[in-house]
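A short worksheet on the structure shown next.
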Amino acid sequence: MDKVLSNKKMIALYVLPSLLLILAIVYIPIVLTAYYGLHEWNGIGAMKFVGLDNYQELLKDETFWKSAWHSFMLAIFSGVSLILYLIVAIVLAARIKGANIFRKIYLIPMLLSSVAIAQLWLKIFHPSNGVLNSVLESIGFENPPAWLAEPSIVLYALFVPILWQYAGFYILIYYAALKNIPASLEEAAKIDGASAWQVAWRIKLPLVMEVFKVTIVLAVVGSLKYFDLIFVMTDGGPNGSSEVMASYMYHQAFRAYDFGYGSAIGFFLLVICLIATWLIRKLTASKDTIQYS
Amino acid sequence: MLLTLSLAVVVAGCGSNNGNNGNAASNAPSSEGATESQGTVDTGGEKVTVNFMHLWPEGVSAGQNKIVNQIIDSYQTEHPNVTIKQEVLDNEQYKSKLKVLSASNQLPDVGVTWAAGFLQPYVEGNLFTPVDDLLSGELNGKFVAGTTEAYAINGKTYALPLEFNIAPVYYNKAIFEKNNLEIPQTYEQFKTVVKTLSDAGVAPIALGNKDRWTGSLWYMYLADRIAGQATLAGAINGSSSFTDEGLMKAATEVQSLVDVNAFVKGFNGLSNEEAKSEFLNGKAAMYMMGTWELPNFTTNEDIPQEFRDSVGFFKFPTVDGGKGDINSWVGGPGVGLFVSENSKVKDEAKKFVEYFVTKWGEQSVTGAGVIPATKVDTSALELPQLYIDLFNEMNKASSITLFADVQMQASAAETHLNMIQALFGKAATPAKFAEEHDAAIAK
């Protein structure tokens with residue numbers, strides 16, 4: 001085996017297929033998107049080169065910045081909710097009774113497709129027959145809001161299913177990371193008289209920090225390019241009050257037939273995600289990584 | 001039946017020859033066999049495959065799907081050298097795929113398109129071929145007036161319509177009776193109806209304005225009745241302004257309907273399907289929608305008979321002092337068939353389209369509950385009363401204004417729809433509504 005892997009040609013043979021695939025379906029389209037963004041194009045007819053006009057217009061586009069703000073809000077909410085997920089994971093990993101069942105319960109939303117989740121929550125949020133409003137009415141709230149129709153509420157109403165959808169995913173990651181910590185460390189601490197709180201705060205938390213940093217990047221970037229539930233549940237409405245960057249891109253490209261502008265938004269979105277990743281990595285970088293041994 | 005079949009063959013053979021070489025006279029009297037041999041001369045008797053992409057999957061549009069297959073089968077029997085290859089997608093996927101295929105220049109030989117604004121980029125991109133030769137052929141005079149015009153750009157027609165729809169206000173007779181209400185003839189009466197229902201705790205109107213074009217219907221009717229059809233049409237095509245006094249008043253009127261809770265709660269967050277179910281469940285008393293919903297109110301067995309029997313319709317009432325006419329409708333053709341400009345079998349494709357449109361007209365009313373764009377003799381068909389009444393209304397129509405979002409170009413349509421949602425949600429004033437429209441249409 002060692003011999004095979006030291007052969008340069010063999011390495012190339014193994015790496016090449018996936019490299020070509022990723023070039024063809026990821027990197028080349030990225031370059032093409034940037035290129036389309038330089039054109040005025042309805043997606044069908046001839047393309048007209050307009051230089052940086054689309055990007056200039058984008059910088060001045062209020063609707064775009066409004067949707068960018070919504071995306072950032074989602075990123076902040078997802079980022080903060082990670083702390084909650086970590087706490088849940090720590091509790092679950094502590095061998096409490098029924099942890100196994102809870103773990104599965106938290107994971108189930110992740111197994112559902114986004115459209116199914118959207119349909120489910122549409123029923124919950126339905127203004128007159130929805131579960132939520134029926135409950136609110138039965139406990140005495142008169143005229144509860146139409147969650148998905150009020151411009152001031154809709155965004156937050158949407159955050160609930162979005163965060164709920166991914167909770168299981170992050171809890172699972174943290175759970176695995178926590179289970180990876182050698183039991184000997186915890187035992188040693190306990191023998192030294194550490195409380196459960198101290199074990200969690202001083203031993204477990206530092207040891208899962210690297211994983212936590214990775215999940216911050218995942219959550220923030222995932223939120224910035226988020227699309228599916230919003231698209232199905234409100235389509236960015238009403239009046240654009242739940243529009244995010246990705247849905248705005250879709251609307252420009254596929255509804256208004258402005259592929260050039262849509263591509264420009266898409267490319268800009270990529271740039272924003274790259275900057276966000278870089279910033280997070282930089283801000284959370286620590287010189288000394290804590291090791292188990 | 002045999003007679004119609006052979007007639008149709010003659011029709012098909014004749015029409016295409018008309019377009020090709022004006023050799024129709026020699027072909028017209030030919031029988032089925034003769035057309036066949038003539039066909040050998042025309043097409044060289046080669047095996048031809050015509051690719052046909054449409055949007056009636058079996059699961060979603062069972063009726064239409066069955067008719068399409070019947071038409072294709074009989075066409076293939078009559079033209080043994082032609083194979084029609086189908087590709088079926090559902091509505092939204094169809095639209096996306098059509099775009100992707102256009103970008104790579106691989107459109108099917110025959111496909112389904114929508115009118116006006118949807119059609120325009122394809123025509124400008126030289127992707128669809130004009131079908132005027134078919135119109136002046138055997139199909140001459142077969143279409144309901146005003147339907148093919150929606151597919152014409154710069155004097156050429158680029159697709160043949162299959163459907164035609166108008167939008168009445170459907171109402172639940174049981175709810176009206178219970179509240180001692182009559183069909184409103186004037187807008188004042190309509191407002192009284194709304195108020196009575198609202199006071200009685202019934203949602204007056206089911207509206208799913210998440211989809212936006214649904215609210216557009218209400219605005220268009222108010223605009224038509226207050227400012228008059230000509231003013232509305234002018235503003236939409238850009239020759240006059242949305243700041244017209246009547247149009248501004250229509251926009252204001254929309255907001256006052258919102259103020260009196262005329263529409264179901266949370267309408268701006270509901271899809272058309274969700275709103276429709278409010279009407280079907282008897283929770284809302286009125287529902288404005290195109291005639292494509294008729295099967296649900298007449299023949300669809302999945303909906304309780306009791307409900308279907310209690311659905312009636314009325315024309316949008318006139319407004320006192322308004323310039324509109326009660327027989328003026330909002331509506332328009334639904335989908336039509338195009339032939340690809342780059343098709344290698346253009347002649348065969350056109351023949352097929354001609355045949356398809358003719359057959360569709362005969363079968364779609366009874367088979368799928370579709371109102372075809374070709375003229376139908378209702379007296380010969382056994383149809384639910386609601387159909388017949390609406391057919392008659394259609395024939396009496398003084399004018400039919402094409403759905404605004406279909407008529408406008410894509411980017412202006414997007415602005416229109418967004419402004420409709422904003423107007424209904426009171427996020428935009430009528431003045432802002434008008435201003436944004438004018439700016440988008442002038443672009």
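Start at 1 and count along the chain as shown; that gives each residue its number.
Backbone N, Cα and C define each Cβ position, glycine as well.
Pulled from TrEMBL:
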- A:71-280: domain 'ABC transmembrane type-1' (DOMAIN)
- A:12-38: transmembrane segment (TRANSMEM)
- A:68-93: transmembrane segment (TRANSMEM)
- A:105-122: transmembrane segment (TRANSMEM)
- A:153-177: transmembrane segment (TRANSMEM)
- A:211-233: transmembrane segment (TRANSMEM)
- A:259-280: transmembrane segment (TRANSMEM)
Item to check | Contact call for the transmembrane segment (A:211-233) against the transmembrane segment (A:12-38), three or more Cβ pairs under 8 Å | outcome: no
Checklist entry - Out of A:12-38, A:68-93, A:105-122, A:153-177, which stretch touches the transmembrane segment (A:259-280) the most, going by CB pairs under 8 Å? => result A:12-38
Checklist entry - Does the chain bring the transmembrane segment (A:153-177) near the transmembrane segment (A:68-93), so that three or more CB pairs sit under 8 Å (pairs 6 or more apart in sequence)? => result yes
